[in-house]
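Below is one structure; the comments refer to it alone.
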Amino acid sequence: MPGETAWSRVSVSPEPAAEHSTTFVPAVSDALTLSSLSLEALRNASAHRTRRFELVRLSRPVPVLRRGQHFDVVIKFNEQRPFDLEKDSLRLVFSFGQNPNAVKGTQGVVSILNDSSECWPVHDGRWYGRLKNSDSNETELEIRPSADAPIGVWRLKVETGVKEESSAIPKVYEHKEQIYLLFNPWVKDDATFMEKQALLDEYVLQDVGKIWVGTYQSHWGRQWVFGQFDKAVLPAAMFVLERANLDPTIRGNPIAISRAISKLVNSNDDAGVLVGNWSGNYAAGTAPGAWTGSVKILEQYHSTKQPVQFGQCWVFAGVTTTICRALGLPSRVVTNLVSAHDSNASLTVDKYFDYNSRPLDTGDSIWNFHVWNEAWMARPDLPKGYGGWQAIDATPQETSDGVYQCGPASLQAIRQGSVGFKYDVQFLISSVNADVVYWKQDPTAEIGYRRMNASTAEVGRKILTKQANVFDATGQADMEDITWLYKAKEGSQLERSTMYNAARGSTNARRYLLQPGEAREDLVFTLNDLDKINVGDKFEINVTIKNEVDDARTLDVTLCASSVYYNGVEANLIKKAAGKFKIRPRGRDVLRLEVTPTEYLPKLVEYGMMKIFAVATVLETKQTWAAEDDFQIVKPKISVKVIIYD
């Protein structure tokens with residue numbers, strides 16, 4: 001019949017009897033002899049929602065199934081008689097990994113004892129099967145894998161015998177083809193189950209999407225082809241999991257799988273999929289901005305077994321979504337506009353300046369945007385209520401348990417400041433809600449630097465994802481703001497309480513976040529934010545200063561403009577001005593620094609990101625203030641219309 005797969009028979013003979021032994025092994029001449037078997041790849045694919053996988057639609061279809069859901073198997077025997085439940089024994093053994101074991105969940109042993117009139121038992125970690133139909137030509141079975149079976153490539157063998165000859169050695173047949181078994185978020189007993197199943201059309205089955213990039217003031221959805229159904233993707237995803245070297249017994253756990261994916265999509269520790277590069281020099285590979293989808297990346301990685309050059313955060317996230325969705329793990333891409341990189345677990349981004357107001361590199365940074373992923377799963381390792389969306393991040397920033405991996409971190413834990421919960425909750429809290437603290441070198445201060453001022457509302461300005469089951473090819477109607485999932489309203493009492501709750505669980509956070517600022521602040525400073533500047537236009541840095549006391553004050557001020565990469569690293573200093581001036585009692589002044597196109601155009605880098613900052617010190621009181629702003633030099637949009645004449 002179509003789609004049938006031939007089986008190769010493996011002869012099984014008894015061990016030679018020892019000398020003088022009287023051991024007798026009964027014959028199995030009456031046992032059924034299997035001639036062919038079909039896993040009904042196409043028919044099962046429809047029920048399992050895997051029909052879009054190209055592997056299923058090859059000339060020799062490859063079975064792609066989801067755990068916890070029954071599938072059909074059709075067997076033909078050489079004998080011209082039907083399989084008889086009363087007489088014949090029939091056992092299917094599904095195996096995973098090098099040393100399969102039914103007790104450890106890496107082997108599913110199915111004995112056909114009942115017909116389809118029997119109801120399926122509740123999910124209890126075992127595999128079940130039943131007879132669906134049998135006649136002289138073929139026998140049709142229904143098999144249900146356990147809902148927590150390991151994810152990956154399974155093997156199958158079939159044993160036939162006669163019940164009256166239970167001590168006889170069965171006839172054994174080894175199946176030649178691989179069987180892919182995936183997560184099943186449509187089944188309640190699967191740890192990836194999503195109650196609102198319409199969302200799975202997006203988070204598992206949608207193979208194109210958008211990834212938001214840009215600045216807080218100017219951002220757009222970049223289209224990305226996930227391509228999880230391409231014939232190259234599922235084998236590549238399995239190769240990624242093999243390189244993760246996970247114990248087969250935990251390959252069914254979405255917590256372990258998602259954490260491994262976050263580690264293996266970057267190449268920093270295990271020769272994973274992508275090499276990160278933020279230098280602007282991509283001569284040795286493909287520029288991150290040139291990728292438009294995941295398929296070519298995964299295809300190249302699987303064929304060469306070498307990391308692909310190069311990626312940045314949205315590329316890591318796009319590939320992560322592809323692998324997750326291919327495995328059946330609900331996933332989406334998330335963009336954090338104004339994202340903090342906290343390198344010392346202080347819940348702050350600390351900006352240091354020397355005596356002369358020059359910025360110092362300390363490891364902390366603020367990215368104009370950063371992209372990571374969310375995966376949906378239960379969290380039985382955490383208290384009730386912390387399942388659902390979990391943040392994972394494959395971009396290598398800081399190590400976790402000694403390697404570059406991040407998550408899964410419960411969004412509920414992030415929102416509540418529960419830093420003690422696995423995994424990497426504190427790092428994600430900092431990413432979306434860190435305070436930005438400015439310090440200036442001061443030998444009289446306890447730590448050698450005096451805290452100037454802090455901004456509590458700069459980080460995590462907006463957190464975006466693509467709206468489920470909506471696609472706007474030319475606009476932003478499919479953009480969804482999910483900031484509220486990560487934190488309470490900025491500046492609210494609840495938002496501040498969350499940060500203080502998180503700080504109590506971190507020594508560095510108590511040291512930096514909770515340190516008081518300067519008590520006396522006679523002057524009020526405001527750096528006027530820029531939205532976006534059209535390429536070729538000039539712009540100004542404006543700082544408004546208001547003196548609120550009856551005495552004149554002397555100020556030491558530095559204004560600076562630089563081009564930066566999107567991860568906040570300075571590329572080129574464009575213009576800087578520094579000097580002293582007086583402000584009259586109760587006075588108000590505006591300091592301005594103009595930057596012209598001829599000054600900034602030669603020093604722009606990719607994406608046209610700019611950073612301006614200002615630092616001021618009041619000489620009479622030592623009050624010190626600093627602020628910065630990021631914006632983008634944007635190119636005009638070009639519209640192309642194609643006119644076709646008859």
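These residue numbers are counts, starting from 1, taken along the chain as shown.
Here the Cβ of each residue, glycine as well, is placed from N, Cα and C on the backbone.
Residues or ranges marked as domain 'Transglutaminase-like' in TrEMBL: 305-396. Looking just at the domain 'Transglutaminase-like' (305-396), the mean pLDDT is 95.
If you look up TrEMBL, you'll see CYS313 (among others) marked as active site. A C-beta separation below 8 Å, combined with a sequence spacing of at least six in one chain, links CYS313 (active site) to TRP367, PHE369, HIS370, VAL371, TRP372, THR395, ASN567.
Among the features that TrEMBL reports, active site is placed at HIS370 (among others).
Within the same chain, the residues at least 6 positions away from ASP393 (active site) whose Cβ sits under 8 Å from its Cβ are SER262, PHE316, TRP372, ASN373, CYS406, GLY407, ASP424, LEU428, listed in sequence order. Taken from TrEMBL, the feature active site applies to ASP393 (among others).
The annotation Ca(2+) binding site is assigned in TrEMBL to ASN433, ASP435, GLU490, GLU495.
Cβ atoms within 8 Å of the centroid of the Cβ atoms of ASN433, ASP435, GLU490, GLU495 (the Ca(2+) site) belong to the same-chain residues ALA434, THR456, ALA457, VAL459, GLY460, LYS487, GLY491, ARG496, THR498, MET499, site residues excluded. The Cβ neighbour count for GLU495 (Ca(2+) binding site), using a 10 Å radius and every protein chain shown, is 17. Residues near ASN433 (Ca(2+) binding site) in space but far in sequence (CB under 8 A, at least 6 apart, same chain), listed by position: ALA340, LEU347, VAL459, GLY460, TYR486, LYS487, GLU495, THR498, MET499. Sequence-distant contacts of GLU490 (Ca(2+) binding site), defined as residues of its own chain at least six apart whose C-beta falls under 8 angstroms from its C-beta, comprise THR456, ALA457, GLY460. Other Cβ atoms within 10 Å of the Cβ of ASP435 (Ca(2+) binding site), summed over all protein chains shown, number 24.
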